[in-house]
Each structure stands twice: as C-alpha cells, then as structure tokens.
Amino acid sequence: MNRRPWALGLVAALVFVFLYAPIAWLAIASFNSSRSLSRISGLSTQWYAELFEDTRVLESLRLTLQLALASAVISTVIGTLAAFGLRRAFPGRGVWTVLLSLPLVVPEVVMGVAMLGFFVKIAGIPLGFGALLFAHVAFSLSFVVVVVRSRVSGMDVRMEEAAADLGASPSVAFRTVTLPLVAPAVVAGAAFAFLLSFDDVVISSYLTGVGSTTLPVFVYAQASKRGVSPEIVALSTLMVTATALLLIIGVMVASWRARKAGSVAQLA
Amino acid sequence: MASSAFVSRRWLKANALLTPTGLWLGIFLIAPLAIVVQFSFATRDTGVARAVLPWTTQAYLTALDPAFLPIFGRTLVYAGATTIACLLLGFPLAWFIARHGGRYRTVLLAAVLIPFWSSYLARIYAWKALLDGEGLVNTMLGWVGLDRDGGFLLTHGAVILGLTYGFLPFMVLPLYVACERFDFRLVEASYDLGHGRTSTFFRVVLPGVLTGVLAGSLLVLVPAAGDFVTPKLLGGVDQSTFGSVIDDQFRGGNNWPLGSAMAVLLLVLVVLVLILRGRRGEDVL
C-alpha cells in the first residue's frame with residue numbers, strides 16, 4: 001500500500017467526491033429558478049431573498065442557534081473537566097468510560113423516547129427550550145470528552161512539571177501551560193457539540209414544545225409534507241460556505257502564527 | 001507503590017472533576033433509560049394511551065411476534081451493510097490522511113466534517129434528487145448504458161447509501177486516530193521480510209488499527225440500527241425499521257409499552273456490543 005500511494009489517493013479522492021456531491025448539488029439547486037431540487041431550469045437568487053424574509057425560518061434559526069450555543073458552552077465546560085478527571089488511572093475509571101460511551105452508542109430514537117417519557121411522566125419538565133437543552137447537553141457531552149481526552153492523554157506531563165519547577169503556582173501553570181496545550185481540542189469539542197445540537201432532528205422532535213420548534217424539526221415536518229423548501233437549501237449552502245471560510249481563515253492564522261514562532265525561534 | 005492517602009486523593013480529585021458530567025448523564029440519560037425499562041413492563045392503557053400498572057411481559061411477547069421478524073431482519077441488514085460500507089470507504093481515507101496527509105492532515109480531516117455543517121435533511125433530499133430517475137447519477141450512468149429505469153430511489157441500496165453517507169465521519173475519526181498511532185515502518189519491515197500485500201494487510205496493518213475498527217464499527221452499527229429518518233426518506237414502500245416501529249408507538253401515542261420493549265431490545269444489543277468490544281477499543285472511544 002505504500003508502493004502505490006496514488007491508488008490510495010484515488011480512493012480517498014473518490015470518497016471526498018461522495019462526501020461533497022450532495023453539497024455541491026445543494027449549492028447548484030439553491031440558485032435554481034424553480035422549486036425543484038432535481039431539475040435545474042434557470043438561474044435565480046430568489047430563494048436567498050425569500051430566506052431572509054421568511055420570519056418562521058429565521059425565528060426557528062435564532063432558537064436553534066441559541067440552543068446550540070448554550071448546549072456547546074455547557075457540554076464543553078463540564079466535558080473538559082471530565083476529560084481531565086479521566087487523565088490518570090484510578091479505581092472506577094472503567095465504569096466512567098462505559099457511562100460516557102453510552103450516549104455515543106445508544107440509538108437516538110431510544111434516547112428520544114426515553115427522555116420524552118421521563119420528562120413528561122416522571123420529572124414534570126415541560127417540553128420546550130429547557131427540555132431540549134438538558135437533552136442536547138446529555139448527548140453532546142461524550143463527544144467533547146472523547147475529543148478533549150485524546151489530547152489530554154497525549155500531553156507531555158513534563159511540560160507542566162517544568163512550569164512547576166520554574167516556580168509557577170498550579171493555577172498559573174494550568175493557565176499558561178496546560179490550557180494552551182489543550183485549547184485546540186477544547187475548540188474542536190465545542191464545535192462538535194454545537195454541530196450535534198444544531199443538526200439534531202430525532203431527539204429534538206420528541207421534545208419541542210409549542211413555539212419552540214428547532215429548525216431541523218421544522219424542516220422535517222415541512223419536508224414530510226412537500227419536500228425540502230428551496231429556502232432551506234439556500235440556508236444549507238450558506239452554512240457550509242461559512243464553515244469552509246472559517247476553516248480556511250483558521251488554517252491561514254495557524255500557519256501565520258507557526259511562521260512567526262519559527263522566525264522568533266531562529267532569532268533566539 | 002504509592003501511599004493509600006495519595007491514591008485516595010487522586011481518586012477524590014478525579015471524581016470531583018467527573019461529578020458534573022455524572023450528574024447530568026445520571027439525571028437526563030440514565031434515569032430516562034431506566035424509565036423505559038419500567039414502561040416496557042407496564043400494561044397498555046388504551047383509553048389515554050398511557051402506560052399504567054399492573055406489570056406484565058405482554059409488550060415483549062408482542063415485540064417478539066413473528067410478524068416483526070422481517071422488520072428486524074431488514075434493520076440488521078441495513079445496519080450491517082452500512083457498517084461494512086463505512087469501513088470500506090473510511091479505512092482508505094483515514095489511512096491516506098494519516099500516512100500521506102503531511103502538514104495538511106488537520107485540513108483534510110476537517111474537510112471530512114464540513115459537509116455535515118449543512119442540514120442533514122437537506123443533504124438527504126439532495127441524494128434523493130441525485131438518485132432520482134431523471135437525476136444526475138442515473139443520467140451519467142446512462143452515458144455508459146448502466147442507467148436503471150426509474151432511478152435508484154426507493155431501493156435498499158439507496159437506504160444503505162444514505163446511512164453510509166450519514167455515519168461515515170463516525171467511522172473515519174476513530175480510524176484516523178488508530179492510523180495516526182500506527183507505526184508505518186512496520187509495513188516496510190513486513191515487505192522486507194517477504195510478506196506480500198495481502199498478508200501484510202491482514203497480519204500487520206489490521207491488528208495494528210483494530211481498536212479504531214472496533215470503535216468506529218460500534219459508533220456506526222447500533223446508531224444505524226436505530227435510524228428511521230433515512231429509510232423513511234430514501235426507502236421504498238415498506239421501509240419500516242426497528243427505529244420507525246419504536247417511533248410510531250410513541251409519536252402516535254399508540255402503545256408506549258410496546259415501543260419501550262423494543263427500545264429495551266435495542267439497549268440489550270448496545271450492551272452486547274459493548275461487552276463484545278471488551279476493553280480493546282476503550283482508548284480510542
């Protein structure tokens with residue numbers, strides 16, 4: 001397999017085609033002049049214009065963003081703490097690992113109906129934003145822990161020991177050494193949590209209350225009647241474009257900082 | 001080695017850090033799952049569609065009725081085929097990024113995830129449009145004479161394609177972690193010692209990345225078995241799966257005990273897979 005990297009590269013390229021084909025098609029269809037997703041009849045930007053006038057879509061987009069942001073903040077904070085808790089071996093770590101792997105492997109429909117039954121019949125939690133937030137943090141947490149933990153466990157303990165030897169107090173060492181080292185993983189975990197919440201259909205569909213319909217649930221309800229509306233296609237295109245741009249900017253900033261660090265190292 | 005006071009301080013610190021997560025999962029995940037087990041033994045109250053006592057195993061008897069067998073079978077085929085397809089697509093990609101990605105590894109890995117920043121439903125509908133009789137895929141296949149009347153929509157293949165598309169990142173990420181840790185010099189060593197490509201793959205590469213394969217399969221297999229949105233949107237007339245039967249029982253308010261019993265059966269599958277995995281995949285998950 002090392003003798004023919006081009007063959008492997010070709011397969012990898014084909015997988016990328018598979019991943020991007022529907023996205024590319026959505027981008028094309030978002031400029032379609034007719035409502036159809038399958039037949040392109042002409043160019044138009046009317047769906048983008050309609051998207052920004054559709055108050056129902058914008059309202060549920062606002063709610064979905066608030067929910068995803070709140071869920072990402074909570075699950076990142078407590079998930080990062082948990083990842084540090086799992087850093088060193090201790091009696092009972094295996095039990096924690098099993099508990100944390102549950103949200104990753106239990107099917108969404110099972111979590112959804114379980115939460116519906118528990119919230120409504122037992123805990124008396126009204127359906128709506130609160131119930132959604134409790135649920136979204138519960139299924140995002142483990143992803144944050146997995147991502148942050150992989151970084152924490154790969155970290156060189158000697159870095160922190162060196163900081164302590166040089167006179168840094170534990171809190172200073174944590175802020176100036178540990179945190180910068182794990183920051184990329186924390187950011188990745190937060191992005192993951194945001195995305196999971198933002199795109200969740202199944203669990204949210206059981207827990208939305210009156211006036212608190214998230215965008216995916218709204219789209220699902222609409223789509224099962226008459227297909228996905230062109231405004232949603234336009235919105236999806238905007239989301240992917242924005243994410244890709246953010247990623248490109250992030251990579252450019254990272255390489256610029258690496259170059260700067262390199263030149264500083266050369267001076268020293 | 002260490003004094004017991006040191007061990008217990010470490011134990012206290014670890015558990016203190018884990019407490020918020022433990023509480024959240026305990027209240028909002030474990031308690032609900034326990035309630036589902038309780039519901040599954042309840043009697044159906046048809047009047048208000050609520051689960052009430054006395055306790056009975058009736059729901060399980062209904063769930064294991066032979067009438068549901070084809071649905072179980074279809075679900076297992078979908079989930080199994082999806083896992084295999086994700087492995088076949090995900091492994092070359094993860095290996096390529098880890099081995100040949102160089103300084104672009106992070107970018108390539110992020111590129112795997114970017115499509116998932118658009119609405120899942122919109123992407124499924126895009127596949128619907130692409131697989132349609134007049135869609136791009138059928139048109140292009142028509143150029144080489146491989147087109148199919150009516151396209152590929154509403155087939156089992158379309159459902160497996162949609163599921164594979166949806167779950168692929170969950171396979172690629174753990175596989176990538178395993179490939180990145182793999183010492184690629186072992187492959188050269190194996191070739192130098194006279195092993196062929198097949199033998200090297202099965203005796204050196206596969207054991208080396210097995211944790212990633214197991215973790216990825218775990219993340220794909222069971223969630224795919226529970227998915228009902230994809231079969232509903234891409235499948236044919238009879239697209240009931242395990243997940244959609246559970247969904248019907250709850251959403252229509254029809255029969256919560258039956259839905260709960262089926263959910264418990266899926267949970268049993270989760271536990272079985274976790275036990276089968278043992279500790280081997282633990283460090284990746």
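A Cβ is built for glycine as well, from the same backbone N, Cα and C atoms used for every other residue.
Annotated features, as they stand in TrEMBL:
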DOMAIN    A:61-250  domain 'ABC transmembrane type-1'
TRANSMEM  A:7-28  transmembrane segment
TRANSMEM  A:63-86  transmembrane segment
TRANSMEM  A:98-119  transmembrane segment
TRANSMEM  A:125-148  transmembrane segment
TRANSMEM  A:177-197  transmembrane segment
TRANSMEM  A:203-221  transmembrane segment
TRANSMEM  A:233-256  transmembrane segment
Recorded stretches the transmembrane segment (A:98-119) and the transmembrane segment (A:203-221) touching, at least 3 CB pairs under 8 Å: yes
Stretch among A:7-28, A:125-148, A:177-197, A:233-256 sharing the most Cβ pairs under 8 Å with the transmembrane segment (A:63-86): A:125-148
The transmembrane segment (A:7-28) and the transmembrane segment (A:233-256) contact flag, 3+ Cβ pairs under 8 angstroms: yes
